[in-house]
Amino acid sequence: MKTQIHTISVPSDGSYDNEALSCSTLDISTHNGEPHGGLRGSNEFILSDSGQKINSDDQGGQINMWLQRKAKSAFSEKMIKKRLPILRWLPQYNSTDAIGDLVAGITVGLTVIPQALAYSGIAGLPAAYGLYGSFLGCIVYIVFGSCKDVPMGPTAIASLLTFQTAGGNVGRAILLCFLSGVVELMMGILGLGFLVDFVSGPVSSGFTSAVSLIIVTSQVKDVLGISAKGSTFIEIWRNIFNDIHNVQLWDTFLGITCIAVLLIMRIIAGLKVGPADDELKSKNHRIINKIMWLVGTSRNAILVVVCGAIGYSFQASATAPFKLIGDIPPGMPSFKAPPFSLTANESSSGHEESFSDMVSGLGSGLIVVPLIALMENIAICKAFSNGKPVDATQELIAIGLANIANSFVQGFPGTGSLSRSAVNNASGVRTPMGNIYTMALVVLSLLFFTPYFSYIPKASLAAVIIAAVVFMVEVKVVKPMWRTKKSDLIPGLGTFIACLALPLEMGILFGVGLNVVFILYHAARPKISVERLTSPGGTEYLIITPDRCLIFPSVDYVRNLVTKQSIRQSLPVVIDCSHVYGADFTAATVIDSITQDFAKRDQPLFFYNLKPSVCAIFEGLSPADFVVYYREEHLDDLLKQRTFKPKEVISA
């Protein structure tokens, strides 16, 4: 198809007549002999490479130009560095960066290992699978990740969602990891990172708080040494009370003691000795503070090692009073494709499952797990970005590829962890390269230490989880939310209750739906100011100003108010459209009806400062007596052209 080209002549002053302002059915555009009251528009337009304007009617030419721009942009140096962030920082990598990343990576690794073992229990999987999902994704994130503070791996929320989606079946959990990665990658390629914007702050806080309580509840059974399964908050507590008579005292004592020790060590990590001013601290003060911080930060690893030693000593005497996590297969996991079908022995139902059966069994988790993983990751990036913009699309690509890679080493879904990111940042991480040292520690533990992990008591791992996630309950946001906008507490509290009573995916969907209802209500009930003013020529008129766009939920409300006020006041009416930035077909039909009603009453109706794009929508129905003006001094001219005699004012 040959592209049609039209050259245009541009005045020397760089402007042109804005023909979009010719909506009005009356001639109000004369000002010093210039059309449209002298209003001028920008001379910006789409140009071809030859500097000529492409005809807007030539759709083929526009598509061709769009494809050329996209192809040129996709393979530009800027875009390649944007999609491979490692190319931006690796050339400037130096010894200072290496030392900072080494210290941070090892510190985070000491946190990752006990958490990975513990999070496997939340996901309903053997302990080894948490370690399997904690090393290969780290390498992928180094190449594609855009945030230096994110350590890729299992998280408490992702683990709970995995349990609720896969039901503790290993094959389904691994396939969920693969499919979640594919969904995240496709969302990144399609630029769907904006979907996380539909989850508001109150909904996110309600969801996170509910998840924290569910996770704490799921670990109470291991602290008490009983069996109490369930997928929702209410179900778990019901089963706990039903089995409360089987409480194991040694497990309970160990679990409560471990929780207390972890909380004390957490406090120690924040303590500092010496003068408040860092410059006045002596060398000994700095050394002591560093040791206290390191001990407090590594509290999970220290506790697990000590409890493992205790478990080993009892196991050696064949009188272990604690429930242990059991044998962990030694060595690295085999590298193989995730299972796309299950045999009767592998499935939870006892029947063979095809790929379609497995996918249908995962249900809405295929969407909820990637969305929540993105929410967690974006929250981390925003927390440590220091005000810089966060590239949600790139983070989707990074965590998507990381989860796909993890599925080939039998990992379950993971993302960035806020607690580990805080440790990473506080340890002085410089680049994403810190992930390689975390990965190295996980690999070493798999190669050499897995036989010793089997002696770790379950109660100690439960204590690690409880002491970590109890601080995720966002009670602190309630007070500022109450002070700023009390109605935001409704979707937050609704999400919190729904997530406790229902499966998590239903709870988050309920919260988002509740938030959308609030948004639609505000859209359907715009704030409208009504004022009685006098024109420069001394004519009294009524000006009605809506504060937002006119779309189908709100147009009837606006119409009723305009009709009511115009009949009551019996004055010329001006609708100030300065804040009306959009409209739709329903609004156009209502405007057409309003102009007819005013014409029948012989009552003037004018639209002031209507944006050309909205004006074009209203003009699509060719309404009669549709009058638009853009300068205040034109109002008296319009009133003179209309012979209007005020009628007797109707009392309210």
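Yeah, the Cβs are placed from backbone N, Cα and C, and that goes for glycine too.
The transmembrane segment feature in TrEMBL is assigned to 98-117 (among others). Same-chain residues lying 6 or more positions outside the transmembrane segment (98-117) and placing a CB less than 8 Å from one of its CB atoms are 127, 130-131, 133-134, 151, 153-154, 294, 297-298, 300-301, 303-304, 325, 417, 419-420, 423-424, 427-431, 433-438, 440-442, 445, 453, 456, 461, 464-465, 468.
Annotation comment: TrEMBL describes 100-490 as domain 'SLC26A/SulP transporter'.
The transmembrane segment annotation in TrEMBL covers 123-144 (among others). Sequence-distant contacts of the transmembrane segment (123-144), counting only residues of its own chain at least 6 positions beyond either end whose CB sits under 8 Å from a CB of the stretch, comprise 83-86, 112-113, 115-117, 150-154, 159-160, 162-163, 166-168, 170, 173, 177, 325-326, 328-329, 333, 394, 397-399, 401-403, 405-406, 408-414, 432-433, 435-436, 438-439, 442-443, 445-446, 450, 453, 461.
If one looks beyond the transmembrane segment (173-196) by at least 6 residues along the same chain, the residues whose Cβ comes under 8 Å of a Cβ in the stretch are 123, 125, 129, 133, 162, 165-166, 338-340, 358-359, 362, 365-367, 369-371, 373-375, 378, 391-397, 399-408, 410-414. The transmembrane segment annotation in TrEMBL covers 173-196 (among others).
Per TrEMBL, transmembrane segment is recorded for 252-271 (among others).
Outside the transmembrane segment (291-314), and at least 6 residues removed from its termini, the chain residues within Cβ reach (under 8 Å) are 107, 110-111, 113-115, 117, 254, 258, 261-262, 265-273, 320-322, 324, 423, 426-427, 452-453, 455-457, 460-461, 463-464, 468. Residues or ranges marked as transmembrane segment in TrEMBL: 291-314 (among others).
Through the fold, the transmembrane segment (358-379) approaches residues 147, 150, 155, 157-158, 161-162, 164-166, 171-172, 175-176, 179-180, 183-184, 187, 193, 195-196, 199, 204, 207, 339-342, 390, 392, 395-396, 399-400, 403, 413-418, 504-505, 508-509 of its own chain, all at least 6 residues removed from its boundaries and within a Cβ separation under 8 Å. Annotation comment: TrEMBL describes 358-379 (among others) as transmembrane segment.
Annotation comment: TrEMBL describes 436-453 (among others) as transmembrane segment.
Residues annotated as transmembrane segment in TrEMBL: 459-478 (among others).
Residues or ranges marked as transmembrane segment in TrEMBL: 490-521 (among others).
Under the heading domain 'STAS', TrEMBL lists 542-624. Per-residue confidence over the domain 'STAS' (542-624) averages 87 (mean pLDDT, predicted model).
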Remote residues contacting the transmembrane segment (459-478) - C-beta distance under 8 A, at least 6 residues beyond either end: 114-115, 117-119, 121-122, 127, 156, 201-202, 205, 208-209, 211-213, 215-216, 219-220, 222-223, 225, 251-252, 254-256, 258-259, 262-263, 266, 300, 303-304, 307-308, 322-323, 325, 418-419, 489, 492
Same-chain residues near the transmembrane segment (490-521), Cβ under 8 Å, at least 6 residues beyond its ends: 160-161, 164-165, 198-200, 202-203, 205-207, 209-211, 213-214, 231-234, 363-365, 367-368, 371-372, 477, 481, 553
